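Here's the structure, in structure tokens; my notes come after.
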Amino acid sequence: MTPSRPETKVLPTSRPGRQSHWYDFHAAQQPDWDDPQARDEICTQLAERPVLVSVDELRALRQELAAVAAGRSLVLQAGDCAESFAQSTPEHAAAKADTVATLADRLAADTGTAVVRIGRIAGQYAKPRSAPTELVGERELPSFRGHIVNDPAPEEDARRHRPQRLLQAYEASRTTARALRERPQRLWTSHEALILDYEVPLVRFDEAAADLFLGSTHLPWVGERTRQSDGAHVRLLADVVNPVGCKVSGSGPIEELLRVCERLDPDRTPGRLTLISRFGADHVARQLPDVASAVRAAGHPVVWLCDPMHGNTYRSRVGLKTRQLSVIQQEVRGFVTALRAAGVHPGGLHLEVSAQPVTECVGAEVADEEQLTTRYTTLCDPRLSPRQAAEVVRTFTEGL
Ligand code: PEP
Ligand code: CO
């Protein structure tokens, strides 16, 4: 369902002729807010808040990504599947940034290449879901959709979609972004740009650049469920100057992916578009070579990243969602081999990883599924522990 455009004079920016036209296109995965009037008021407030990134920063990141597209450097993009409001403190931000830095330093040292460091952080609060409801024990409840929409507590009331959470997500993102800014080596921010009522009020017009930018994050991406070439999410990212990402899998024809590439990267600019491959370990070797060749033949100088997580999730015997480290590594090997076969640079990794020694994926220190219950704290998908993530980075490096 596409929500109607919020009633606000401020939305979104001062560019004539482009006034929040994104609401005219189909938007999948949008909340069903319990208080539509409050949502209008909150969108107005969001539109008046300071942005979290600058156009100069977006330009700098695009340049760094252009070097990756040219095969001269690599990317390590990593963080939570879903960030939590409670853990959006400067201390948590520092621990998460340290985790990414340790993995990126290892990758840089082992390859002798510069590594662009990007967190799934400071805005990763929205989750697309395959079904509107989920079973929690015996109870069927509205699905948890990320802290920006509802609360994961297994209660009907907690699962209501509350627009006040849009402002909480903004404040949590701002706290995290500020903490990241204070670090000597800056971590770039990224998240899935999913909730239009959050992203659109944070689109702004930059006078000097004479262009629109998305002020919520450095690198927004469109996910597997919202990357339709004619959908609102792709249209939104097409209109902003940020570097942008898009998940890619084997579902849907290559022609549709080429339409998405055309919208997001019409000028064939290195550093503009990052494609995040998530085929699954069983499919990547067979399907990615043709896809990568087609994108190259269409002239898009994209960055290719491997997300070896989302195509390999299953429900364990103990009932928890999990992923096998060995299967994740198999997808990484398949990714590198497939891109090499297509004559394309494997640009790096996109991982779900915790700063804590969680027991959410099986492998390394998590010997079997029975151990998953020890420290399983994710709000959504199972993340790698820092040690498991180091193994995945090593597998990538060995494949290069
Ligand atoms: C994610 O990155 O958390 C996610 C939901 O991925 P995908 O859109 O690829 O399923
Ligand atoms: Co996830």
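Glycine is no exception: its Cβ is also placed from the backbone N, Cα and C atoms.
Going through E41, E48, E262, E352 against TrEMBL, the one listed in the Mn(2+) site together with C81, H310, D381 turns out to be E352. Between the binding-site residues R225, R278, R278 has the most other Cβ atoms inside 10 Å of its own Cβ, all protein chains included.
In this structure the alpha carbons, written CA, of R120 (phosphoenolpyruvate binding site) and C81 (Mn(2+) binding site) are 8 Å apart. Listed in sequence order, the residues M309, T313, T378, C380, P382, R383 complete the 8 Å Cβ shell around the Mn(2+) site centroid, once C81, H310, E352, D381 themselves are left out.
Taking each of the binding-site residues E224, E352, D381 in turn and counting other Cβ atoms within 10 Å of its Cβ gives the largest count for E352.
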